[in-house]
């Protein structure tokens, strides 16, 4: 996205059409800014008048210098007062823009497909959003209340110099300012690439540190603390080198700016001194020139920083706004309807799918889960079992065929109504770093505490929660690390019970648990799935022997289907899997 499009994108946030109050704030902020700058330019004039008065016969009349001193004080106070009032007005606009744009990007990220999130690194995304939202406020405030006021003040000073002194003073100011701005723009453009390198190195280092800390246990299991430290150090070394190059470029920029301003100062002071020796100017005029030059020096010196900051902010915004440009893979059709649940029948009709078109995962898969019945899908790892649940939730769209619920193609209904009808207990339950109450209530955020407690009791986790010092207000830690696998699965079950969906999915819900815990959880799952349409994806065949139908997937195709006893009698793929697992369990017991 180019710079002009970025600025055009920001305009609705600067002048929000649906919020008159914020528009009034903006108008007030602009008025205060103009008054502040006019007051600032009056200060040297009052200073000149005082000097000329004190060096003349009028100095004997005490009232005149006192009046000028008071006027000088009022001008200085007014400049500061109206600048602060401007800031108070504009903070409403900048913070509102930051909030709305951050919310927009946050919603966009949640609407992007699972494929996008599997390809991206969370640390990098988080950094892009954080920097981008901060950049919005920076660009808005700097453009309106830094760049424009500087140019406005330069114009006022040039006009005053032209009117009171000599046109050559105005020319000298304009030449100095023009050279300064041109040099700054070119130098900042040159050093932008160093800043980009710095940003990329920082994002990489941030991502590596977050990834390592999220996998804290894995690092400890393999004793790879030093390896992780070396990886982090390497990324920080890249950042270090980028930061050094960035600082060198900044130093070159600052030296060039100082040289231009200093030359301008010397030339104009020489012109003023010559005017005094020729009797065309007073001491007050000399002081006026000096005061205006020093007054302009500060904002001009600040201009380089402001321009650099705006350029950097635009880069940061670009990274964030590029996320808004990512096309959503899974969207609701314009005429999408709400899913109408009548019985809760689920049907996979000749479904084919592949994450990569060159590598199909499912091939012409067809089966039906009758209302209130349980269908289990088994097979070797990588056979496409878990892909079925992702297609049912419509995290991806099928390549061929269709997934239907009560005869409705899920591509023709809204995603919200579809996912409201389905609940899942996954293999790896990831919890929010919040309380047990919050994590259970996530199944239905409007639930009362009594409903949360009832769901916990049905999931057989209420007694455990009650035994904790903080009860339901106990925090579970990052990704639920403070809980055991069985406890996390019970929380997932409670969450699903609270949601009370018509369709349930158990995606290897107990495969990571020990045998004792698995049996307990399986019993709870059978209770939960009673009278619900249920899809079970299982690795351990002993957990699905009661299923109404078992489907065996191999290389993405159905090779067998039937009840447990029927499949054993066939002596086919399922029977071989059963025998292998039976012997493995016997060896473990021995």
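A Cβ is built for glycine as well, from the same backbone N, Cα and C atoms used for every other residue.
What you see is a predicted model, and the numbers here were worked out from it, not measured in a lab.
Transmembrane segment is the annotation TrEMBL gives to one range among 24-47, 96-119, and that range is 24-47. Checking the ranges 59-79, 122-142 against TrEMBL, the transmembrane segment annotation falls on 59-79. Note on the transmembrane segment (24-47): residues 14-15, 68, 71-72, 75-76, 78-83, 85-86, 89-90, 92-93, 144-145, 148-149, 152-153, 156-157, 160, 284, 287-288, 291-292, 295 of its chain, located 6 or more positions outside it, place their CB under 8 angstroms from a CB of the stretch. Tertiary neighbourhood of the transmembrane segment (168-190): same-chain residues 154, 157-159, 161-162, 249, 252-253, 256-257, 260-261, 263-264, 267-268, 271-272, 289, 296, 300, 303-304, 307-308, 311, selected by CB-CB distance under 8 Å and a gap of 6+ residues from either end. For the transmembrane segment (250-273), the residues of the chain that approach it from at least six positions outside its boundaries are 166, 168-169, 172-173, 175-176, 179-180, 183-184, 187-188, 191, 281, 285-286, 289-290, 293, 297, 300-301, 304, 308, judged by C-beta separation under 8 angstroms. Nonlocal intrachain contacts for the transmembrane segment (143-162), taken as residues 6+ away from its ends with a CB within less than 8 angstroms of a stretch CB, comprise 7, 14, 29-30, 33-34, 36-38, 40-41, 45, 86-87, 90, 169-170, 173-174, 177, 289, 292, 295-296, 299-300, 302-303, 306-307, 310.
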